[in-house]
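A.B. asks: Would you mind keeping the following structure in view while I ask a few things?
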Amino acid sequence: MEARNSWRFVLLLALVLLLTWLHLPSLPNSKFHSRWYIPKNTFYSSSPTYHHLESETPQHPLDPLTIQEFNRVRTILSSHPLFKSSSSYTLNSVVLEEPDKKLVLKWKKGDPPLPRKASVVAVVKRVSHVLTVDLEIGHVTSHETGLVSGYPMVTERDLYGVGEATLRCPEFNNSLAKRGLNLDDLVCLSLSSGGYEKLEEEENRRLMKVQCFSKEGTVNFYMKPIEGFTALVDIDSKEVLAVSDDGKNIPVANASNTDYRYSIQKLRGEMRLLNPISLEQPKGPSFSVDGHMVKWANWEFHLRPDPRAGIIISQVKVRDPDTSMLRNVMYKGFVSELFVPYMDPTEDWYFRTYIDAGEYGLQSMPLNPLNDCPRNAYYMDGVFASYDGTPYLQPNMICIFESYAGDIAWRHAEATVASLNVSEARPKVTLVVRMAAILENYDYIMDWEFQTDGLIRAKVGLSGILMVKGTTYENMDQVNLKRQETAPGESPRKSYLKAVRKVAKTEKDAQIRLQLYEPYEFHVVNPLKKTKVGNPVGYKLVPGATAGSLLDPEDLPQKRAAFTNNQIWVTPYNKSEQWAGGLLAYQSKGDDTLQVWSNRDRGIENKDIVLWYTIGFHHIPCQEDYPIMPTVSSSFDLKPVNFFERNPILAVPPNFEEDLPASKAHDSA
């Protein structure tokens with residue numbers, strides 16, 4: 001099969017500030033509401049080890065909406081004129097509308113609760129509406145429409161409705177029948193149209209493309225596409241507008257060697273199986289979860305599930321070992337957007353330029369205990385709203401666990417002076433918050449990792465299945481390091497590095513494309529607070545491996561995903577600027593993006609700022625990606641720089657044998 005490229009970009013948004021065991025009434029299960037659940041293809045199931053169920057009483061201003069609050073939103077909306085006048089509407093998003101940042105920062109445990117509000121995005125009669133519902137007074141207090149181009153995330157009803165519409169279409173069924181295909185073996189997927197409206201009659205419609213696959217002989221139906229066969233469907237009217245069938249001569253691949261399930265694999269003699277590995281904690285875990293507040297070692301933060309971002313980490317604080325005070329590090333961090341443009345311009349592929357978070361959302365399927373997360377993990381469920389506002393349960397959506405891979409936090413042994421018998425080492429243990437989002441054939445593993453030395457690592461792992469034709473995917477302060485030349489006779493050295501400080505004063509100053517031979521360090525500092533030595537306290541962004549977009553800036557997909565134009569952006573804090581691809585990303589035209597906001601070139605020096613970082617992958621398919629792709633990962637770090645007076649983990653104790661569970665030594669030990 002011909003291999004084609006595509007790109008994949010993940011934008012992680014961090015608002016950097018420098019300065020539960022509960023029970024619910026029975027809820028519908030997520031498998032009936034997930035955007036990618038296929039009733040005939042539930043390939044595996046697992047029993048969760050723990051459950052976190054949403055509280056009926058919010059304990060923190062940033063806690064997600066409860067079941068009672070979701071139901072109250074439904075009641076309030078049912079009496080609103082917009083919904084009373086139409087029986088045809090969809091609630092595409094119902095989430096907490098966060099209180100003002102200043103109020104959240106001032107709030108302390110034990111204070112009266114802040115007013116609770118819900119943010120609702122709905123489509124009514126083909127028009128997008130953004131509403132604020134005040135849950136205390138029981139009214140809609142804000143209602144806006146026509147703000148920007150585009151539509152909100154599609155719902156499970158949208159996806160199923162489009163699929164059912166094609167199956168009722170005679171032209172669609174006749175074309176499949178002419179190919180001699182068994183309709184019972186078909187799996188048809190509803191795909192974003194990419195914002196392309198080629199004909200006048202397609203304008204002002206929410207559109208989806210439908211493409212089909214055969215699952216005959218395999219669960220890996222992505223390897224058996226019905227190539228050259230695409231339907232265009234109006235999401236709202238359920239009308240099939242066009243059927244393209246130009247691949248009649250392209251055969252459907254056979255199922256040989258496409259199944260990736262363990263039960264199907266044949267173990268070859270030369271394959272040596274690994275003995276199981278498990279992290280044991282005889283004294284129990286070192287972290288605690290109280291509602292949505294997580295405490296571990298010197299860290300404390302708020303954690304909540306979100307249907308669009310997956311995980312939202314808020315009010316991240318670290319304890320200073322010298323003062324014992326909790327210090328603010330990050331107000332809010334989450335995945336803002338994903339961009340997946342396929343590199344194939346042909347009729348059945350050109351539109352595949354997905355803005356995954358904004359078009360489908362990153363709410364994950366249940367994590368698989370012992371495999372997605374280790375034995376010592378704690379699981380947190382999510383409760384979300386279906387298309388009509390009915391709350392439903394998303395079990396095991398997030399896991400939290402301590403990780404130890406034998407890494408070293410710090411060490412030193414003294415060998416220079418014989419009389420100094422010094423050998424010190426400390427194990428590195430970290431806390432990981434994880435989710436896995438399944439979007440069609442791709443799986444995204446999102447980790448937030450906290451280290452005791454004050455470092456935060458945001459990591460993205462990519463796995464899943466190739467989409468074959470064959471095509472896969474391709475997926476502030478600056479310290480500028482310049483080479484300096486020495487004067488003749490000044491030193492045996494001919495060159496060295498010298499740090500030169502440059503302050504980004506406006507947004508355009510902070511639009512940065514990383515370049516290997518122009519090294520920088522990127523610091524976010526508080527110039528009003530300094531260490532005893534006199535350095536401004538701060539954190540620095542440490543980029544990992546990444547890639548840039550190669551699309552033409554005027555190409556529609558690139559306009560919609562303009563956040564990939566740079567790896568680093570800094571903007572002044574604005575509560576409304578959260579989604580890098582725009583609030584309404586589906587079929588958007590690129591008029592409400594991070595690029596548009598940043599081009600205003602607002603001042604950022606000595607401001608409350610937002611740091612944006614883009615992780616990019618270029619993936620050229622290879623045989624090792626078949627039939628399922630090994631996970632490939634990239635990350636970036638937020639690392640303290642002059643934030644502490646010294647190494648914050650000097651007092652971390654070493655491991656002692658008597659504190660650990662019994663372990664059988666290797667024969668050669």
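Heads up, residue numbers simply count up from 1 along the chain you see.
From the backbone N, Cα and C atoms, a Cβ is placed for every residue, glycine too.
Pulled these from TrEMBL:
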- Asp356: active site, proton acceptor (ACT_SITE)
- Tyr442: active site, schiff-base intermediate with substrate (ACT_SITE)
- 60-143: domain 'Copper amine oxidase N2-terminal' (DOMAIN)
- 152-252: domain 'Copper amine oxidase N3-terminal' (DOMAIN)
- 279-475: domain 'Copper amine oxidase catalytic' (DOMAIN)
- Tyr442: 2',4',5'-topaquinone (MOD_RES)
A.B. asks: Looking only at DSSP and grouping its letters into three states, which state does Asp356 (active site, proton acceptor) belong to?
C.D. replies: helix
A.B. asks: Taking just the CA atoms, what is the gap between Tyr442 (active site, schiff-base intermediate with substrate) and Asp356 (active site, proton acceptor) in Å?
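C.D. replies: Asp356 (active site, proton acceptor) has its Cα 11 Å from the Cα of Tyr442 (active site, schiff-base intermediate with substrate).
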A.B. asks: 10 Å Cβ neighbour count around Asp356 (active site, proton acceptor)?
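C.D. replies: Taking all protein chains shown, Asp356 (active site, proton acceptor) has 26 Cβ neighbours within 10 Å.
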A.B. asks: Per-residue pLDDT averaged over the domain 'Copper amine oxidase catalytic' (279-475) comes to what?
C.D. replies: 90
A.B. asks: So how many of the residues in the domain 'Copper amine oxidase N2-terminal' (60-143) end up helix, strand or coil by DSSP?
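C.D. replies: Going by DSSP assignments, the domain 'Copper amine oxidase N2-terminal' (60-143) contains 22 helix, 29 strand, 33 coil.
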A.B. asks: Measure from the Cβ of the residue listed as 'active site, schiff-base intermediate with substrate' and count the other Cβ atoms within 10 Å, all protein chains considered.
C.D. replies: 23
A.B. asks: Under DSSP, is the residue listed as 'active site, schiff-base intermediate with substrate' part of a helix or a strand, or is it coil?
C.D. replies: strand
A.B. asks: Please spell out the DSSP helix, strand and coil residue counts for the domain 'Copper amine oxidase N3-terminal' (152-252).
C.D. replies: 30 helix, 31 strand, 40 coil
